[in-house]
Amino acid sequence: MIQVLLVTICLAAFPYQGSSIILESGKVNDYEVVYPQRLAPLPEGAVQQKYEDTMQYEFKVNGEPVVLHLEKNKGLFSKDYSEIHYSPDGRRITTHPLVEDHCYYRGHIRNDADSTASISACHGLKGHFKLRGETYLIEPMKISNSEAHAVYKYENVEKEDEAHKMCGVTQNWESYEPIKKASQLIVSTEFQRYMEIVIVVDHSMVKKYNGDSDKIKAWVYEMINTITESYSYLYIDIILSGLEIWSEKDLINVETSAENTLKSFGEWRAKDLIHRISHDNAQLLTATDFDGPTIGLAYVASMCDPKRSVGVVQDHSSVNRLVAITLAHEMAHNLGVRHDEGSCSCGSGYTCIMSPVINSEVIKYFSDCSYIQCREYISKENPPCILNKPLRTDTVSTPVSGNELLEAEKDYD
């Protein structure tokens, strides 16, 4: 039986109106300081897991009490999830971390049907939640020996660059066809698909994060946890099959030209990566500043193609969610989804994921057009690689010694 932990957190909130603070997401104004306090221990005799399957937190937002319900995202990793990095002498080192007891959750606010949440509970609470149409971010404050967290709206994060950023896909890349009305599209549970992806982190990212592989991994995990929620509306499960870090040098020529980099990355995947890790799609994450306003590029309607089921994404923001949405955008191109036009909608007042321009708004949803285009692409092309449902990590429990298994690429000392 799954152990369920009901944790009540009393968050005493003290708004700092007009003040600012430097957080991981940047300089933030108008935030609330909150102190999580666990009030309800586990039942007597219960065995506490490091990260429980279900958690609930109670706190106040703007003086109003809310209950945040979280459930572990058990489909986040594939059962054979692997991580790859390289030694200084060029050896490829493959490990299989034990990811069953991870700390990434999805959830909602109790009594708010439209609420959502994506939270990391690894070191305090970090992530975002939607409450009554407003999106809030939460993260631990950088105070020694303190449980203080900051809760704030994204609009209160000072923007380093106000210029609009864009996806590099243009009409020359996209094939425009008439879009069916939603009433013309038959949808059933048979349309559920499963996309196993590999994220490749280039050497510019390693430099940006000062070689801190743990920080890079956490950044990627949080991104994938965020986009799994967005893709659930398209009836597509996103599963992370692998993370490769080019720790010593790039294995392709990563250029400021997004188009050239995409081409090189696709060719490398077809001749190398696809033979090492079972996956359906690969995305390159880079700190390289692409030419012009471009922050991402992907082939359109290319899922399962060895060279073309790929995308490239610039790590363009200190706000994880914004980079995650860019990743979700490029992956959707691979699934036959085009840029939104004027008639497309994902709710009144919202900018949708497939907008060609990425601005400072918090984006979360695919539009009705994206939904229809994705369904049409799957119905027409039926890409075979995303048909199979992979086993979840919690279905396999193989005892091992240590935290990792090293494959043959690494010489044992």
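Just so you know, glycine gets a Cβ as well, placed from its N, Cα and C.
Residues annotated as signal peptide in Swiss-Prot: 1-20.
Here Swiss-Prot flags 193-390 as domain 'Peptidase M12B', drawing on sequence analysis.
Annotation note: Asn388 (Ca(2+) 1 binding site) sits in a coil segment as assigned by DSSP. For Glu196, Asp280, Cys385, Asn388, the entry in Swiss-Prot reads Ca(2+) 1 binding site, with the evidence type similarity to another entry.
Within the same chain, the residues at least 6 positions away from Cys385 (Ca(2+) 1 binding site) whose Cβ sits under 8 Å from its Cβ are Asp280, Met303, Cys304, Ser309, listed in sequence order. As annotated by Swiss-Prot, disulfide bond applies to Cys304-Cys385 (among others), with the evidence given as sequence analysis.
Of all Cβ atoms in the protein chains displayed, 29 besides its own lie within 10 Å of the Cβ of His329 (Zn(2+) binding site). According to Swiss-Prot, the feature Zn(2+) binding site maps to His329, His333, His339, an assignment based on similarity to another entry.
What Swiss-Prot records for Glu330 is active site, and it gives sequence analysis as the kind of evidence. With a 10 A radius on its CB, Glu330 (active site) counts 24 other CB atoms from all the protein chains.
When other Cβ atoms within 10 Å of the Cβ of Cys369 (disulfide bond) are tallied across all protein chains shown, the result is 21. Per Swiss-Prot, disulfide bond is recorded for Cys344-Cys369 (among others).
The disulfide bond annotation in Swiss-Prot covers Cys346-Cys352 (among others) and rests on sequence analysis. Shown in sequence order, Cys352, Ile353, Tyr365, Phe366, Ser367, Asp368, Ser370 are the residues of the chain, 6+ apart in sequence, with a C-beta less than 8 angstroms from the C-beta of Cys346 (disulfide bond). DSSP classifies Cys346 (disulfide bond) as coil under the three-state reduction.
According to Swiss-Prot, the feature Ca(2+) 2 binding site maps to Val400, Asn403, Leu405, Glu407, Asp413, an assignment based on similarity to another entry.
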Next item on the list: Check the Cα distances from His339 (Zn(2+) binding site) to each of the recorded positions Glu196, Cys369, Asn388 and keep only the ones within 10 Å.
Entry: Cys369
Margin query: Take the mean position of the Cβ atoms of Glu196, Asp280, Cys385, Asn388, the recorded Ca(2+) 1 site. Which other residues of that chain put their Cβ within 8 Å of it?
Written below: Tyr194, Met195, Ser278, His279, Asn281, Cys304, Ile386, Leu387, Pro390
Margin query: What is the set of residues, excluding His329, His333, His339, whose C-beta falls within 8 angstroms of the centroid of the C-beta atoms at the Zn(2+) site?
Written below: Cys167, Val169, Gly296, Ala298, Val300, Glu330, Ala332, Val337, Arg338, Ile353, Met354, Pro356
Check: Could you give the Cα-Cα distance between His329 (Zn(2+) binding site) and Glu196 (Ca(2+) 1 binding site), in whole Å?
Finding: 16
Check: C-alpha of Cys344 (disulfide bond) to C-alpha of His333 (Zn(2+) binding site): distance in Å?
Finding: 16
Next item on the list: Just jot down the residues in the same chain as Asn388 (Ca(2+) 1 binding site), at least 6 apart in sequence, with C-beta under 8 A of its C-beta; none if empty.
Entry: Tyr194
Next item on the list: Could you list the residues of the same chain, at least six apart in sequence, whose Cβ is under 8 A from the Cβ of His333 (Zn(2+) binding site)?
Entry: Cys167, Val169, Ala298, Tyr299, Val300, Ala301, Ser302, Gly311
